[in-house]
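Single-structure report; data block below.
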Amino acid sequence: MDKKRVYTFGKGEAEGRSDMRNLLGGKGANLAEMNLIGVPVPPGFTITTDTCNEYYEKGKDAVVELLRPEVNKALAYIESVMGLKFGDVKNPLLLSVRSGARASMPGMMDTILNLGLNDEVLQGIIAKSGNERFAWDSYRRFIQMYGDVVMGLKPVNKEDIDPFEKIIEEIKEEAGVKLDNELSVDNLKELVGRFKKAVKEETGKDFPTSPEEQLWGAIMAVFDSWMNERAILYRKMEGIPAEWGTAVNVQAMVFGNMGETSATGVCFSRDAGNGENLFNGEYLINAQGEDVVAGIRTPQQITKIGSQRWAERAGIPEAVRREQYPSMEEAMPEIYKELNELQHKLELHYRDMQDMEYTVQEGKLWFLQTRNGKRTGHAMVKIAMDLMREGIITEEEALMRIEPNKLDELLHPVFDKKALLNARVLTKGLPASPGAASGQIVFFSEDATAWHADNKRVILVRIETSPEDLAGMTSAEGILTARGGMTSHAAVVARGMGKCCVSGAGAIQVDYKKRTLTVDGVVLHEGDYISIDGSTGNVYADRVETKAAEMDDDFRELMSLTNKYAKLKVRANADTPHDAQIARSFGAVGIGLCRTEHMFFEESKIRAMREMILAETAEGRLQALKKLLPYQQEDFRGIFRAMAGCPVTVRLLDPPLHEFVPHDENGQREMAETMGVSIDAIRQRVESLMEHNPMLGHRGCRLGNTYPEITYMQTRAIIGACLDLQEEGITCFPEIMVPLTGILYEFKEQERVIREAAEEIFKERGIRIDYKVGTMIEVPRAALTADRIASSAEFFSFGTNDLTQMTFGYSRDDIASFLPIYLEKKILKVDPFQVLDQKGVGKLVRMATENGRSIRPDLKCGICGEHGGEPSSVKFCHNVGLNYVSCSPFRVPIARLAAAQAQIEEDRNAAKK
Ligand code: PEP
Ligand code: MG
C-alpha cells in the first residue's frame, strides 16, 4: 500500500496521537490527542510533514495527485461528522487551513480561515445563520487572507500599508465610521467587490470561485510558507532543520463571530510570564481568532481575578470594569466553567503548562489547539518546581524541563531601584515579558538590526509587531508596542526570546513617517533614549541604569537539586576576588582557571610588568619581578580567601608579551625614563617582540621556559599567599598550571622551577602545604602524547579555546571573516569556539583523558575553555568522564544544570538497556 499521508480526527476519534508530532507536527498530533481524551475539537485532517518534503522534491502537481484520494476521503469524513457539505449552497462546510511544524513556530507561517466561500455558498451561510453581516464579514476576511497568503497581494515597501487594509480604510472613511465592526452589510458588500477587483488588477487573476481549487491553493501555500523568509530566519535562530517540514491541518470552521453568544480567545493554564499557578487568558466576544492575535481590539480577561488585576493596572474603576470589560467568568459563567475544567484536564494530561486556543460558537465551546506554552526563564523554573511539588512530575523530570541556556534570563538585569526614583514614567503598558531594558528608539526592524550592528542598544517601538519584525526584535534590547494584549505577537514572541517587552501602551501614538512617538504632548524621536520595564509595564522617558537580577527561592531549590544528581563538578574561570565571590555564590566548587596575566592590566601593576618585559638581562627582570611579587601575592590571597576550602587552579603567565608593552611614543618615553635607558632602546625592544603569529608565538610555557624567573616569582606569590592564609586558619588547595605544554620536557622544566621555588619558601617559613602541578592540554601534540605528559603532570585542564584553534587551524581572533559563510553554507553547523566540536576536538579530549589515566589513574581532568559553560559541551564532558568543567561565573548555574541533566540521561539510558 502507498504510504499514508492524511490522518483524520473528530468526534472523539483520531488516527494520530500526541507522540506522532514528527509526522503530524505539534498541532496535528495534539488535535488528534485532544479528540482521544474527550476535548471538543472541530473535525479535520492533518497532512503529514513528510508530504511537505515530497512537495519540495516532486513539485506541486505530483503531490496534488498523490494526495487527492486521501484528501477527498478525509473531506467526506469531516462532512459526515459536521452534517455539512463542502461547496454546498444549502448546507455549506467552511474550512480552516493552518500550518503546524514539529516544533512550535508561532506566527511564522500562514493561516487561512473561512475557506470554501464564493458568491453562491455565501447565500447558504446567510440563510443558515440568518446573519447577513456575519456572512459578508467572513467572506471579506477570507478574500483578504487568501489574497495575501495564496495570491501574494502584500505591501511592497515596509512603509506601505497592506493593500486590503488600504481599501478598508477608504470604505470606513466613505462610510464615516472608525471601527471595522461599525461597517454595514452594504459596506461589507462593497468591500468584497473592491477586494476582488484589487486581486484581479494586481495579480491578473480572478479570485478562485471553486472551493476545491481554493483548498488546493491553500494547502500548497502552507507548504510554500515553510520556505518564506521569516520561517527560515526563525528556524535558523532556533536551530530547526529545514528537513522537518510542516504539516497542514485542515479543519471544519467554527465561528466566534456569530453574535453575542460567540467568542474566541487564547488561554494559559499557568502564567507564562511569572509562572504563577493561575489560569489566565483573554477573549473577545463576536470575533475571529485573528482579531485576538493581531491585537486590533483589546481583549478582555477570562478570569475575574485576571480582569481585576488588569483594571487596576490600567486605572479602571471596578464598577466600570464590571460593566464594560467583564471577565468571561462573569459574562459567560457556564462556558467559563467548562473551559476551566478542560484546561485543567489538558494540563494534567500533558503534565505541563498549556497554551490553548478556543472558540465559542453560539454557546458551544471548541478547542482549536493546545501546546506546551512558551514561557520566560523565570516561569520555566517556577512551573517546573511547582509541578514537582504538586506531585505531577518527578525531580528528574523537573530538572529535564529546564532549558539550561534559558536560565540566563533569571540572571538578567532589572532596573536599579535608586536610578528609578529619578526616572520619569512616560506611560504604562502591559507587562508582557519581564526584565528591564534601556536603549535608543527605532521604529523599524531593519533599523534595529543595523543600529545593533553598530553596537547601539535599541528599543524597537511599533504600533504592533508582526512576524516580519522578528530580526529587529532579536537585535533590540526590548520591544514596546502601542497595541495588543498579553497574547499579541509582540508579547508571545518576546517571551519566547526571553526579551523584555511592554505591549499595548495605548497612550502612545507612533508616526512611522516622521519617526516619532508622542505621549500626552511629549514627542520622542528616533534615537532618543527610552526605558521599559517588562515586569511592571512602565515606560520611562530616560535612560535608566540596570543591575543584575537576584536569585529567588525556586531558583535556589533548582540549583540544590542539581547537586543531588550531577556527578560532574562545576568550577569557574575567575581572575579577581570579586569574580571568585560571584562564582561561589552561584555554586562553583573551585576555580578551574585563574588567568594571571589579567592581574597585570591595572595601572599600578602594568609599569612593573613592562619593566620586566623590556629588561635586557635576567637581573633586570628579577628586579622588576620583585616589584610585582607583592601585588600578585595580595591578589592571590583575595582569590584563595574567596574560595576557602576549594581547589584553585592558577595558570602561569600565558599571553604574547607584546600585548603588554607600550606601542605609542608617550608610553615608550615614560618607560625609557623609568628604566634609565634611551627611547630608541625601548623602541627596538618593542619591535623585537613583534610576531607574525602571536597566537603561535612566544607565549605559554615558552615564556616560562625562556624566562624561568617569571615562573619562580609566580610560584612564590601563589604558595606565599596560601601560607599567609594557612596562618589565618584558611585552607587552600593550590593547583599550579603550566600553559601551552606540547612536549613533556617543556612541562618537566617548568615543574622543576615550581617545585624548587615552593621548597625554598616552605623552608624559609617553616611550614608547608599540599599543592599540585599540572598542565593545560591545549596543543594537539600534548593531547596526542598525553600518556607521556601524565607521567609528570598531576592534573590536566583542557584549554579548548586553543585546542580548537590548533585542531581546526582557525585563528581564534580572525574566524569572523569566514564563519558566517561557513554557517550559511552549512560547512559548519555551529561556531566551534562556542560549541565543542565533539568529533574532532572532543576526540582529542577523550583520548588524552583515557591515555593520561592509563598512566595515572587518579589524574584529575577538567576543561576551562569557553565551552565549559555551553550545555551540549558540558554533557560531552560528563560522558567523557572529566572531573569538572570550568566556566565564567554567570554560566555556573547553566553548567550545573547541564551536568545534572547529563547524569539523568545516562541513568535513563542505562535503565533502557
Ligand atoms: C584555552 O585556550 O582554552 C584557555 C582556557 O586559555 P586562553 O583562552 O587563556 O588561551
Ligand atoms: Mg589557551
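Please read every residue number as a count from 1 along the shown chain.
Cβ from N, Cα, C; glycine included.
Of the listed candidates (Arg543, Arg651, Arg856), TrEMBL assigns Arg651 to the same substrate site as Arg595, Glu778, Gly799, Thr800, Asn801, Asp802. The recorded positions in question are His489, Arg595, Arg651, and the one with the fewest Cβ neighbours inside 10 Å is Arg595. Just so you know, of the binding-site residues Thr800, Asn801, the Cβ with the fewest other Cβ atoms around it within 10 Å is the one at Asn801.
Listed in sequence order, the recorded positions among Glu778, Thr800, Asn801, Cys864 whose CB lies under 6 angstroms from an atom of ligand 2 come out as Glu778, Asn801. Taken together, the residues in the domain 'PEP-utilising enzyme C-terminal' (553-903) have a mean pLDDT of 93 on the 0 to 100 scale. Minimal Cβ crowding within 10 Å, among the binding-site residues Glu778, Asp802, is found at Asp802. Taken residue by residue with DSSP, Thr800 (substrate binding site) is part of a helix. Using the Cβ center of Arg595, Arg651, Glu778, Gly799, Thr800, Asn801, Asp802 for substrate, the list of other same-chain residues with Cβ within 8 Å runs, in sequence order, Leu593, Asp654, Pro739, Leu740, Met776, Ser797, Phe798, Leu803, Cys864, Gly865. Other Cβ atoms within 10 Å of the Cβ of Cys864 (active site, proton donor) number 28 in total over all chains. The Cβ of Gly799 (substrate binding site) has 27 neighbouring Cβ atoms from other residues within 10 Å, across all protein chains displayed.
The two recorded residues, His489 (active site, tele-phosphohistidine intermediate) and Asn801 (substrate binding site), show a Cα separation of 39 Å.
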